Every structure is written in C-alpha cells, then in structure tokens.
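As recorded in TrEMBL, the features of this protein are as follows:
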- 17-165: domain 'APS kinase' (DOMAIN)
- GLY24, LEU25, SER26, GLY27, ALA28, GLY29, LYS30, SER31: ATP binding site (BINDING)
- SER98: active site, phosphoserine intermediate (ACT_SITE)
Amino acid sequence: MSAIGKGARAELKGQRPSILWMTGLSGAGKSTIANRVEEALWRCGHHTMLLDGDNMRFGLNNDLAFTDADRVENIRRTAEVAKLMLEAGLIVICSLISPFRRERMLARQLVGADEFLEVFVDAPLDLCKQRDPKGLYARALAGQIPNFTGISSSYEPPEAPEIHLRTDMHDVDALAEQILDVLRRRGVTVCGP
Ligand code: ADP
C-alpha cells in the first residue's frame, strides 16, 4: 500500500480527478469530442489522459477480439486502468463503444459516484453509417468484420447518462462545451468556453 493517498496526489495537481466515460456507436463522435474536451482541459492547465478504444486494443488489449466475452474484458481492463489514473490524480477521458450496460455499470462501480460521468455520444445508426470515418461500416456490411456493433452485435443505449450528446443536432464545439459546463458545475474545472 502506498502511504500517499489519491487525495494527496490530486491536491498536488490542484484538480479534482474524474472519469469521463464516452459511450456510443462507432462514428457517433466519441473520439472527436473527447479530443476537443481534452485539449480545452489541457489549455486550462489540467493533467488529463485519453484512453481510446483503438489505442487500448493496440497494446494492453491486443489479445482481445470482438466477441461479447472479449468486449467485456476490454471494458474491464480499460476501467481498471482508468481507475489507476484517477488515483494518480488525473482527469481521464475514456472513449470506447462499450456497448453493454452491465460493463458500463461495473466501470462506474469501481470508483466513487462523484468521480464518474457517463457521456452518451448519440447519433442515429444511419448517420454513423454515412459518416463511416474509418470505412468500418462498409466492411462490416460486406461481411468482412464479424460482431460489429450496430450491424451484427448489439448496442445498449445508456438509460440515465449524466450527459447526453446529440451529435446529429449540434456541432463539436457546442457538444464539448456541454461537457465542460457539467465539469464546471461539478467543480472539476473553472475552464471557460
Ligand atoms: P467514434 O470515436 O465515435 O467512432 P469519431 O469521432 O472517430 O467517432 O468519428 C466521428 C466522425 O463524425 C468524424 O469524422 C467527425 O468529424 C464527424 N462529425 C460530424 N459532426 C460531428 C459532431 N457533431 N460531433 C462529433 N463528430 C462529428
């Protein structure tokens, strides 16, 4: 056990550690908004970390595929890493499809209620297919990617997310501001628009 607690580490950083858990379909806008929020927080002097589903899968989770069981393990490991970073005093932004309610709940339960914000990055499936920023829907629809969320694997939308972002209705700046507003009200940042 470390003699220095998470409160002491956070105090040194002068910030209130939190986890922002961004969930949504591929192409909904999670990474785009996560990057915008991280940049705003960084400009304001906050120490942040972005855990992106893709990056996690390159390294720590490169033994996992996209079966339901592996998706569950992907979320579990990412949540545990986020928790360690939270204890290090950071504001952690997790950007993962994280399709299942149960695993998002397990991630939430790893940390304090006031330390976790679930952000539903919401866009209709048809719009995500049109955007298809990585060409993944085209490949999934051609049968080249098994277990693809929204096509051949299910997505369970959050029932009570702290923040609900409609990326079909608002631009990235407005949505990032919606998150920053909640962080200001929670006392995580005083970062202005
Ligand atoms: P995800 O991380 O959810 O898979 P990405 O952020 O990688 O999604 O891709 C979303 C795509 O949609 C990007 O090309 C982005 O420029 C575009 N986009 C258009 N409007 C929005 C918006 N309002 N919010 C977020 N992304 C948007």
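Each position is counted from 1, following the chain as shown.
The backbone N, Cα and C atoms fix where each Cβ goes, and this holds for glycine too.
Worth saying up front: this structure is predicted, and the values here are computed from it rather than measured.
Positions of the features from TrEMBL, shown on the structure.
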residue	record	contacts (Cβ under 8 Å, 6+ apart)
GLY24	ATP binding site	LYS30, ILE97, PHE120, VAL121, ASP122, ALA123
LEU25	ATP binding site	ILE97, ALA123, LEU125, CYS128, THR149, GLY150, TYR155
SER26	ATP binding site	ILE97, CYS128, LYS134, LEU136, TYR137, PHE148, THR149, GLY150
GLY27	ATP binding site	ALA123, LEU127, CYS128, LYS129, ARG131, ASP132, PRO133, LYS134, LEU136, TYR137
ALA28	ATP binding site	VAL121, ASP122, ALA123, CYS128, THR167
GLY29	ATP binding site	VAL121, ALA123, LEU165, THR167, VAL172, LEU175
SER31	ATP binding site	ASP52, ASP54, SER95
SER98	active site, phosphoserine intermediate	TRP21, THR23, GLY53, ILE75, ARG104, ALA107
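A Cβ distance below 6 Å to any atom of ligand 1 is met, among the recorded positions GLY27, SER31, SER98, by GLY27, SER31. According to DSSP, LYS30 (ATP binding site) sits within a helical segment. Note on the domain 'APS kinase' (17-165): DSSP counts are 65 helix, 28 strand, 56 coil. Report note: the ATP site is defined by GLY24, LEU25, SER26, GLY27, ALA28, GLY29, LYS30, SER31, and the residues of the same chain whose CB lies within 8 Å of the CB centroid of those residues, excluding them, are ILE97, VAL121, ALA123, CYS128, THR167. LYS30 (ATP binding site) counts 27 other C-beta atoms within 10 Å of its own C-beta, drawing on all protein chains shown. Here the domain 'APS kinase' (17-165) has a mean pLDDT of 96 out of 100.
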